[in-house]
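Trainee: The structure's right below; bear with me while I get my questions together.
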Amino acid sequence: MNGTEGKNFYVPMSNRTGLVRSPFEYPQYYLAEPWQFKILALYLFFLMSMGLPINGLTLVVTAQHKKLRQPLNFILVNLAVAGTIMVCFGFTVTFYTAINGYFVLGPTGCAVEGFMATLGGEVALWSLVVLAIERYIVVCKPMGSFKFSSSHAFAGIAFTWVMALACAAPPLFGWSRYIPEGMQCSCGPDYYTLNPDYNNESYVIYMFVCHFILPVAVIFFTYGRLVCTVKAAAAQQQDSASTQKAEREVTKMVILMVFGFLIAWTPYATVAAWIFFNKGADFSAKFMAIPAFFSKSSALYNPVIYVLLNKQFRNCMLTTIFCGKNPLGDDESSTVSTSKTEVSSVSPA
């Protein structure tokens, strides 16, 4: 084995070097230079300083503006809640540990950080699935006329949390475990070891199939059908400027949704899968650290894609920020009316 396994950790360096120490007790500067840990801390500070205001502002604006309390917007707010969880319980901890060069909070802190980060990421992922299914049902009409109501929205939100807990909770109860990963400053599920006491292999397979491959397949299918439906509608109404505009907006939103998710999470999932299927292979700490920390950026641009590109949310945000005045000069009332019409037709909401 080209790594060192200890109690509640796996360091991707052989102990034959004589350098390996517990990531809960000693700085891991033999894995990366101290300045690289400081760069990591700076990156996380950037995500915190941007992600918390954007996600927090989404929640504040929704609370202030009754017109935003539409069923579909509840799912968008759920995304902001997920992002806030990742920032408050994941990024802050990792920022602190990166400054120190090791996971100073111990195994219990590692389990809590890994759980909260996984929970936030999974809530966001399954929120996207609910959005995809809602758009598919409303636009493609496989069930005929369908109105997305508040009860549907709350059921969808409950579904996202149930699925997220089904993924994040098992390592807390003995099915796999959370251990430091990459540069040993953040924690995630144990892809690395074959410890029979934790049944890591069955958990990782379950997680990949049920909490990555399945939701990605649903997103691709539903948005693929959505684009085809919008294109067909545009072809039948070529003189309709509103339909053509709707096609462009939906296509742009679909591209941003799909690529935003894939860009954030596919590198991490790919590297984790490679490590899982090549246990004992030689790899550096940065090989896992880079995609792991890059995936955290989703907490920043998720609200940009799913909220700031929504005219209704954007105008209300600007009104809140500028104390009741919208510097863009958009008519908020007409925007709300347009937004409501688009939600029930072919817009990306």
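Cβ coordinates are placed from backbone N, Cα and C, and glycine is handled just like the others.
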Trainee: State, for S145 and K231, whether Swiss-Prot gives them the same topological domain name and hence the same side of the membrane.
Mentor: yes
Trainee: Can you look up which of C110, C140, C210, C228 is joined to C187 by a disulfide in Swiss-Prot?
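Mentor: Candidates were C110, C140, C210, C228; Swiss-Prot matches C187 with C110.
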Trainee: For K296 (N6-(retinylidene)lysine), just count the other CB atoms lying within 10 A of its CB, please.
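Mentor: Here the count is 23.
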Trainee: Is it true that the transmembrane segment (285-309) and the transmembrane segment (74-99) have 3 or more Cβ pairs under 8 Å, skipping pairs fewer than 6 apart in sequence?
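Mentor: Contact between the transmembrane segment (285-309) and the transmembrane segment (74-99): present.
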Trainee: Pick from C110, C187: which of these disulfide-bonded residues has the biggest number of other Cβ atoms within 10 Å of its Cβ?
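Mentor: Selected residue: C187.
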Trainee: Might you list, by sequence position, any residue in that chain lying six or more from N2 (N-linked glycosylation site) with a Cβ less than 8 Å away from its Cβ?
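Mentor: Correct list: P12, M13, S14, G280, A281, D282, F283.
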